[in-house]
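Presented below is the structure to which this report refers.
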Amino acid sequence: MHVLNILWVVFGIGLMLVLNLKFKINSMVALLVAALSVGMLAGMDLMSLLHTMKAGFGNTLGELAIIVVFGAVIGKLMVDSGAAHQIAHTLLARLGLRYVQLSVIIIGLIFGLAMFYEVAFIMLAPLVIVIAAEAKIPFLKLAIPAVAAATTAHSLFPPQPGPVALVNAYGADMGMVYIYGVLVTIPSVICAGLILPKFLGNLERPTPSFLKADQPVDMNNLPSFGVSILVPLIPAIIMISTTIANIWLVKDTPAWEVVNFIGSSPIAMFIAMVVAFVLFGTARGHDMQWVMNAFESAVKSIAMVILIIGAGGVLKQTIIDTGIGDTIGMLMSHGNISPYIMAWLITVLIRLATGQGVVSAMTAAGIISAAILDPATGQLVGVNPALLVLATAAGSNTLTHINDASFWLFKGYFDLSVKDTLKTWGLLELVNSVVGLIIVLIISMVA
């Protein structure tokens, strides 16, 4: 019966795509119809299905909704105050277009390493859109390399939760994960961020409406470059500082609680938003009504994106509750292939099925560890644990689709169709993942 659930999941995903692409049904409605179909076909009783839907919607949006809203407000204030224009103009004037691409990759790597991915994306998106507008190039030509860098850093490197969990599961040396991770990251980002866009054809898309200034920007009253770049960096500064402070702080002490409260994603974003109220608003001579108008405009514009992300969470949770992850793991564990490829493949399949990066990685880690662990020594046999971490992490950073919140975040923020999102977000993640595995295999042969 569990094997049959794979068929129901495929049917549900196909149904959503048909409703959205052929019949032009709103993505939120199509996702909910797909979730209901999968749950009922998989034999879930109606009350369990109702609980799953509420859990999927609530758990997905619990923290993410706050992050998305605060990030959208910061982005709107950056545009309306001219801060985004100041950043774009300064970078292009000093670096030129060639090095601007490199700069957004570096910023993406830093944000992806320091923040949860959703926070990193929300901070990156308005920057790359305005820089691209200033350079008169399609914004996706900068968005793709920036996002490729952020997702790679987020997936491969501690202190992000997925890599940390894998390091613990495999007993890997964290220093070697960083060293090998750099070797994996560079070609992955080059291929997904710089080479892939050359093969994607026309990337020209209109600027998302909520990132257009409601009124002409006063070019004589722009924030300085330093102030303009400081605000989007505030969450990264706070979170990096928290990570460093935790090296010395004792867990559950008052000092630890205060630092980790401030360093949590919602609070760090809230602090950045309040600073934006001042530095992009009142400090530039705008009254509080001007600031609140920007706030309300951003919230209204991002509302549908949030609802669609929540509906995607419903489908994801419904799929997870069918037990499909365990089914895929059981089927794959009977193969006789390289542990690196096996770890990557199991993670990819479960990620595709469930939309859960950390869950897919940890499921693969459990299966692989059981297969190659020496019970006498407690050590993995015949593999490099650090490379196994990276192979599994690369599998979690792969092609995703309608059951993944990040898919809908990319689609909604950049105002793309489902088809265009699969072509851009989907392919950049797939290239990232495949190149990552290839580099891991090459290192395993020479290290």
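Each Cβ is built from the backbone N, Cα and C atoms, and glycine gets one as well.
The following features are taken from Swiss-Prot:
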- 1-21: transmembrane segment (TRANSMEM)
- 22-28: topological domain 'Periplasmic' (TOPO_DOM)
- 29-49: transmembrane segment (TRANSMEM)
- 50-54: topological domain 'Cytoplasmic' (TOPO_DOM)
- 55-75: transmembrane segment (TRANSMEM)
- 76-103: topological domain 'Periplasmic' (TOPO_DOM)
- 127-147: transmembrane segment (TRANSMEM)
- 148-175: topological domain 'Periplasmic' (TOPO_DOM)
- 176-196: transmembrane segment (TRANSMEM)
- 197-224: topological domain 'Cytoplasmic' (TOPO_DOM)
- 225-245: transmembrane segment (TRANSMEM)
- 246-260: topological domain 'Periplasmic' (TOPO_DOM)
- 261-281: transmembrane segment (TRANSMEM)
- 282-294: topological domain 'Cytoplasmic' (TOPO_DOM)
- 295-315: transmembrane segment (TRANSMEM)
- 316-329: topological domain 'Periplasmic' (TOPO_DOM)
- 330-350: transmembrane segment (TRANSMEM)
- 352-372: transmembrane segment (TRANSMEM)
- 375-395: transmembrane segment (TRANSMEM)
- 396-426: topological domain 'Cytoplasmic' (TOPO_DOM)
- 427-447: transmembrane segment (TRANSMEM)
Which one of these stretches, 1-21, 29-49, 176-196, 261-281, 427-447, has the most C-beta pairs shorter than 8 Å to the transmembrane segment (55-75)?
261-281
For the topological domain 'Periplasmic' (246-260), report the average pLDDT of the model, please.
93
As a quick check of your reading of DSSP, tell me how many residues in the topological domain 'Periplasmic' (22-28) are helical, how many are strand and how many are coil.
3 helix, 0 strand, 4 coil
Cβ under 8 Å, sequence separation of at least 6 from the ends of the transmembrane segment (127-147): give me the contacting residues as numbers and ranges.
78-79, 84-85, 87-89, 91-92, 97, 100-101, 104-105, 107-108, 121, 189, 192-194, 196-197, 200, 202-205, 207-208, 211, 232, 410, 414, 424-425, 428
Near the transmembrane segment (29-49), which same-chain residues lie under 8 Å Cβ to Cβ, leaving out any that are not at least 6 residues past its ends?
1, 5, 8-9, 11-13, 15-16, 19-20, 56, 308, 311-312, 314-315, 318-319, 321-322, 402
